[in-house]
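First comes the structure, then the notes that go with it.
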Amino acid sequence: MWGRQREASMMYKRTSSRDRSSTFDVEETTALVQNGTEVENTNPSWKLSFPHVLVATLSSFLFGYHLGVVNEPLESISLDLGFNGNTLAEGLVVSMCLGGAFIGSTLSGWIADGVGRRRAFQLCALPMIIGASISATTRNLIGMLLGRFVVGTGMGLGPTVAALYVTEVSPPFVRGTYGAFIQIATCLGLMGSLLIGIPVKEIAGWWRICFWVSIVPAAILCLAMVFCAESPHWLYKKGRTAEAEAEFEKLLGGSHVKSSLAELSKLDRGDDGDIVKFEELLYGRHFRVVFIGSTLFALQQLSGINAIFYFSSSVFKSAGLSSGLANVFVGIANLLGSVVAMVLMDKLGRKALLQWSFFSMAVSMAIQVAASSSYIPGSASLYLSVGGMLM
C-alpha cells in the first residue's frame, strides 16, 4: 500500500465500540454453555465464506488486467492515436494508471472505514468502468491518458480493500490460503489481458475491444457486492452488533456466531487506549515492522518485474522471440508461484515463504547478470536471460 505523508504530531486512535454495543467475552461464552447453548469448537465451513471472497478478488483480477492491457496492443494504440515512435507518450500510456493508483490507495483506508467494505468495492469498480470506456472510445492521446488515470484510481482502491475484506470474512484456518487468492486473481487478470491482446496485429482496432472487455468483470463486481456480506468487523466497530451477528451467521454458520463476537469484543477492548503516534512508525516501537515490510515490497518492485508486465512484448520481440507465446509463459510462471504460495501459506507460514522467494529472486537476477557477460555465447545468453526472468 502506498504510504501516506502526515504531520509528525498527528495521532491515530482506533475507535472503540464498547460503549455502543454488547460485550461478549469468555465469561459470557461459559454462561452460554451452562444455559445449554452449544458453542462450536470445530472450524467453520470454508464453503460459506468462499463465494464472498471470490467476488472480492474480482478487484484484484481487474488490477492485473489493467496492468497488462496495453502490453501487446501498445504499438497499435500508438499508430491509431498518432504517437508512434514517441517513447515518452508510450511510457505515459503504460504508467499513467499508477498515478491514479497512488490517489486511490491513499484514500482507500478512509473510504473503507467510512462507507464500509462493500460500498468501497463498488466505488472501486465505478472508475474502472468509466476509465475503460474513455480509453476504448478515445481518438487522441489525451483521452487515452485520462482513461488510464481514471482506471488507476480504482486500481489503487481495490486491492487494499480486498486484502482487508478477505481477512475479515475468512475463517482463521484458511485465512492465508484465501489471502493468496488475491495474488492468484491478479495473475489471472494479467494472463487474461496478455491473451486477449494476441489478435491485435491481425484485427484492426482490436485494442479497443481489450478495454471494453474489462467492463464486464467490473460490472459483475459492482452488482455482486449487493449480495455479499458486509464485514462483521466493520459493523461491530460502528456499533451495529445485530447486523454483525447476522453477517457472521452468513459467513461462518450459526454455531460460530457467539464465539466470533466474543473474539471481536476482546480485540476491541485491546484497542482501547491504543494510540499510535505517527513518529513511532519512523523511529518508535513499530519502526522495525514498518521498515521490514516496506523494504521487502520495495525490493520486489526494484527487481524490475513490473517492467516485464508492461513491456514484455517489446522485450521478447527485440530478442527475436514470439511475443504472444512468451507472454503466455510470463503469465503461467507468475500464476504457478501464486498457486504454490496458496498451497503452502498455512502449512509453512509467511516467513519461510518470504525467505525462499526472495532468495530465488536473487538467484534469478544473478542468472540474468551472468547472461549479459561477454563469456556467454549468444544462444546460451538468450536462454539464461529468458529463464532467469521467468524464474
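Cβ from N, Cα, C; glycine included.
TrEMBL entries are annotated by machine, without manual review.
Sequence annotations record features per position, and here TrEMBL assigns region 'Disordered' to 1-20. The transmembrane segment feature in TrEMBL is assigned to 50-68, 88-111, 148-166, 178-200, 206-228, 289-312, 324-344, 356-376. What TrEMBL lists as domain 'Major facilitator superfamily (MFS) profile' is 52-391.
Residues 71-72, 177, 180-181, 183-184, 186-188, 190-191, 194-195, 197-198, 308-309, 312-313, 316, 353, 357, 386, 389-391 of the same chain, all 6+ positions outside the transmembrane segment (324-344), place their C-beta atoms under 8 angstroms from a C-beta of that stretch. Counting only same-chain residues 6+ beyond the ends of the transmembrane segment (88-111), those with a CB under 8 A from a CB of the stretch are 1-2, 4, 66-67, 70, 74, 77-78, 120, 123-124, 127, 131, 141, 144-145, 148-158, 160-161, 310-311. In the predicted model, residues of the domain 'Major facilitator superfamily (MFS) profile' (52-391) average a pLDDT of 86.
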